[in-house]
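Participant: Would you mind keeping the following structure in view while I ask a few things?
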Amino acid sequence: METVHSTFLLLLFVPLTQQAPQSQLDSHVNYEYATGNSEETKFSQDYEDKYLDGKSIKEKETMIIPDEKSLQLQKDEVIPSLPTKKENDEMPTCLLCVCLSGSVYCEEVDIDAVPPLPKESAYLYARFNKIKKLTAKDFADMPNLRRLDFTGNLIEDIEDGTFSKLSLLEELTLAENQLLRLPVLPPKLTLLNAKHNKIKSKGIKANTFKKLNKLSFLYLDHNDLESVPPNLPESLRVIHLQFNSISSLTDDTFCKANDTRYIRERIEEIRLEGNPIALGKHPNSFICLKRLPIGSYF
């Protein structure tokens, strides 16, 4: 009787324990054993239920990977344009030197040529470097330059057109170099300092100073001059020619031989010491001066 009863109960519950649908099993397995992808599976199913309902099919959203050309276009839009050639030329100079309010200080930085300068530069101090030559290209398009100082370089030559376009240049210092001659000088020059070079008289043309009507200070001491440069302008106040090889003077060197009343008003100082000349033997050379030159008279 008990056996019959057990069999009856078994037959009663078997229909109630059917296998779950495959989709539910898959979902259950994904949830239990692949938890890392469970959300991804659920999102995919929801997406299909929502958009792929058989009536209005919409494209699935996809991730677009830009190609190399697209990336380059985006890059070009973000990165600012490169500096112009002028800016590239200026930046290195102002990193190596000091650029301040129109003045450029390039002292003792071992440059061997004139660096590119900001166009607004008015003063350049390039002292104690290794510059060997000056050319017209060094100062092209630099109309505002008023003072140049190249003291203590190795300059041997200066092209004649180097300063021709520097119409505002007033002070030019070339002291302590290796110059053998003077170039053509700009018309508004007030000071020329070329002391401690190797300049000879043949290295100065007859008209070098003739038209320099604003020149006040001339320093040519410690060179190899055999005579005083000709045609010195009336504007000169100070002339330094000491320690050269000057051995003779004429009545026209500083004065006018044919005009005994002529007085050279502006001359304040002439230095001729250290030359192989006895100034006392040339009294007529100084008759127009208010002060006698400094030097040996005997």
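Every residue gets a Cβ built from N, Cα and C, even glycine.
What Swiss-Prot records for this protein is below:
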type: SIGNAL; residues: 1-19; note: signal peptide
type: REPEAT; residues: 112-131; note: repeat 'LRR 1'
type: REPEAT; residues: 132-155; note: repeat 'LRR 2'
type: REPEAT; residues: 156-179; note: repeat 'LRR 3'
type: REPEAT; residues: 226-246; note: repeat 'LRR 6'
type: REPEAT; residues: 247-277; note: repeat 'LRR 7'
type: DISULFID; residues: Cys255-Cys288; note: disulfide bond
Participant: Would you mind listing, in sequence order, the residues at least six apart from Cys255 (disulfide bond) in the same chain with a Cβ closer than 8 Å to its Cβ?
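Facilitator: Non-local contacts for Cys255 (disulfide bond): Tyr262, Arg264, Asn284, Ser285, Phe286, Ile287, Cys288, Leu289.
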Participant: Other than its close neighbours in sequence, what residues sit by the repeat 'LRR 1' (112-131), given a CB gap under 8 Å and a spacing of at least six beyond its ends?
Facilitator: 86, 89-90, 92-94, 96-97, 99, 102-106, 138-139, 141-142, 144-155
Participant: Roughly where does the repeat 'LRR 2' (132-155) sit in mean pLDDT, to the nearest integer?
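Facilitator: 96, rounded to a whole number.
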Participant: Can you break down the repeat 'LRR 7' (247-277) into helix, strand and coil residue counts using DSSP?
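Facilitator: Helix/strand/coil tally for the repeat 'LRR 7' (247-277): 0 helix, 3 strand, 28 coil.
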Participant: Across the repeat 'LRR 3' (156-179), what are the DSSP residue counts per state (helix, strand, coil)?
Facilitator: 0 helix, 5 strand, 19 coil
